[in-house]
């Protein structure tokens, strides 16, 4: 079973408070999401393998460490996930970026894939799928399914705010995927919004309604 990590770092929690605040404007919301994504990326990459290399400092020859062998990919779920990409790339600029677009079928209410673009070497990469919110879990489940059916084998999921229902749904369908969360909230309301949550992340990020 994949693990669930909830980050309690003071900087993440401080910035998340302003992200949640309904009075935070589009510009600040966007910048704060970017900053929290960077802080979370620092934690999510903590277990990357290292190898020892020989270098020359200005003083003498030395042995030092570099990340070993891992090819990384970041996959935002369109559209709100786009706001987390640059924050991650600040720490791992060599990562390739894919995209998964989903819409909700008006009759079944289930997510339907309409766009997928991934790096050509899918099987060789470790992917971080990102979306600000994990509410019902439907979009995350379908996005990860899209990656797996194209050959991805090593996937992590990262979000700012999650509902217990979404975590349970994602674990039910993708038990091999670790989940990284800035805050695990109380529940979903009758409209499917996370409570207390942060509203509609896409609308707040892009200034739409």
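Note that the numbers count up from 1, one per residue, in the order the chain is shown.
Positions of Cβ are set from backbone N, Cα and C atoms, glycine also.
Marked as 5-phospho-alpha-D-ribose 1-diphosphate binding site by Swiss-Prot on the basis of sequence analysis: 79, 104, 131, 132, 133, 134, 135, 136, 137, 138, 139, 200. Residues or ranges marked as uracil binding site by Swiss-Prot: 194, 199, 200, 201.
Among the binding-site residues 194, 200, 201, the residue whose Cα lies closest in space to that of residue 131 (5-phospho-alpha-D-ribose 1-diphosphate binding site) is 201. Excluding 194, 199, 200, 201, which define the uracil site, the same chain contributes 132, 133, 161, 193, 197, 198, 202, 203, 204 within 8 Å (Cβ to the Cβ centroid), listed in sequence order. DSSP assigns residue 135 (5-phospho-alpha-D-ribose 1-diphosphate binding site) to coil in the three-state reduction, placing it in neither a helix nor a strand.
In this structure, the binding-site residues 135, 194 were compared by how many other Cβ atoms lie within 10 Å of their Cβ, and the smallest count belongs to 135.
Using a 10 Å Cβ-Cβ cutoff, residue 79 (5-phospho-alpha-D-ribose 1-diphosphate binding site) registers 17 neighbours.
In this structure, the C-alpha atom of residue 200 (uracil binding site) lies 9 angstrom from that of residue 133 (5-phospho-alpha-D-ribose 1-diphosphate binding site).
In three-state terms derived from DSSP, residue 201 (uracil binding site) belongs to a helical segment. Comparing the binding-site residues 131, 200 on other C-beta atoms within 10 angstroms of each C-beta gives the minimum for 200.
Across the structure, residue 139 (5-phospho-alpha-D-ribose 1-diphosphate binding site) and residue 201 (uracil binding site) are spaced 14 Å apart at their Cα atoms.
Restricting the binding-site residues 194, 199, 201 to those with a CA within 10 Å of the CA of residue 79 (5-phospho-alpha-D-ribose 1-diphosphate binding site) leaves 201, listed by sequence position. Residue 133 (5-phospho-alpha-D-ribose 1-diphosphate binding site) has a Cβ environment of 25 other Cβ atoms inside 10 Å.
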